[in-house]
Amino acid sequence: MDSSIPDPEADLIQLNGSYHTETSPCVIESRVMILLSIIIAFFGLAGNAMVLWLLAFRMRRNVFSVYILNLAGANFLFLCTHTAFSLEKIIVLFHSVHIHIPLLFYTLSTLAYLAGVSMVTAISAEYWLSGIWPYWYQGQRLKHTTTVICTGLWGLALLLSLLEGKSCGFLGSTYNQDVCWKLDFIIVAWLLVLFAVLSRSIQVLLVRIFCGSQRTPVTKLHVTIVLTALVLVICGFPFGIIFYLLYWTTEVYYIMPCNSFHETILLLSYINSCANPIICLLVGSIRHCRFQCGTLRLLLHRAMQDIPEEEGEELEEVVGERVQNSIP
């Protein structure tokens, strides 16, 4: 069973109850959307691979960079699975050759999606708590709390994806429609919990920036987290709601011309998975409202600085002087 991507046909595609030939506007639109999705996915794979490499091997990690590292891994896995699906559709549309993508990829897609949404929610909620109770947060927080949270979120995502994969027939088991529907409903319920926490976190972070006596200096990490969370709300959550809940209502695919609703939601999910590396580079390159170039490592480091911009510049100068003095 295919839980998210309907099988296209090479020569004829049925849209809104009628068949369209290869030269019809709807088929052309479908091909353009798929090609655009693949291009965005390849850029996203490169960006997330860069973040993974830098955070894993080239930079010292802190509390929040661990979340970013796990988010990059989840986004990379999500883009890998859906790039395979998109390439399959391209081959079918252009060459009339059907290839088989293992059903395991659907389970991997669910795992990556749930893990990515959970990581963004966790980093937003933790940053929110660190701003509300800074002294308690700094004094009582255990050293390996972030690692434990990330492990737990990956474990929960793995459990839900395996249960869904088994009941929906993606793991070589028998398809059970009733259990599959219930598992998808549980996934949607978990997504709604994450959405509620994330929305509250964004609200508090924005209020602390702009309102009254609680106004706080805006740090680059603050901006990075808020932008990443907003992109997830706009581009990421629709994918989960559509493909784990509204999938069971087939009429949902006919609400847009040419049945392009499916491709549109997929395109938004690709944008969400590509957004974090772009946000980090943009936030890291802006200094005093101007773009300043730098190495990828430096830009990523700036994007995760949780200190005001002036203090960050002083810190960079001190580090630079130490590096120069250490050179014989």
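Cβ coordinates are placed from backbone N, Cα and C, and glycine is handled just like the others.
Features of the protein shown, as given by Swiss-Prot:
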TOPO_DOM  1-33  topological domain 'Extracellular'
CARBOHYD  N16  N-linked glycosylation site
TRANSMEM  34-54  transmembrane segment
TOPO_DOM  55-62  topological domain 'Cytoplasmic'
TRANSMEM  63-83  transmembrane segment
TOPO_DOM  84-112  topological domain 'Extracellular'
TRANSMEM  113-133  transmembrane segment
TOPO_DOM  134-144  topological domain 'Cytoplasmic'
TRANSMEM  145-165  transmembrane segment
TOPO_DOM  166-178  topological domain 'Extracellular'
TRANSMEM  179-199  transmembrane segment
TOPO_DOM  200-224  topological domain 'Cytoplasmic'
TRANSMEM  225-245  transmembrane segment
TOPO_DOM  246-263  topological domain 'Extracellular'
TRANSMEM  264-284  transmembrane segment
TOPO_DOM  285-328  topological domain 'Cytoplasmic'
Helix, strand and coil residues within the topological domain 'Extracellular' (166-178) as assigned by DSSP:
4 helix, 0 strand, 9 coil
Within the topological domain 'Extracellular' (84-112), residues counted as helix, strand or coil by DSSP:
21 helix, 0 strand, 8 coil
What is the three-state DSSP composition of the topological domain 'Cytoplasmic' (200-224), stated as helix, strand and coil residue counts?
19 helix, 0 strand, 6 coil
Looking only at the recorded stretches 63-83, 113-133, 264-284, which one has the largest tally of CB-CB distances under 8 Å to the transmembrane segment (34-54)?
264-284
Below 8 angstroms Cβ to Cβ, which residues of this chain, lying six or more residues outside the topological domain 'Cytoplasmic' (55-62), approach it?
68-69, 72, 297, 300-301, 304
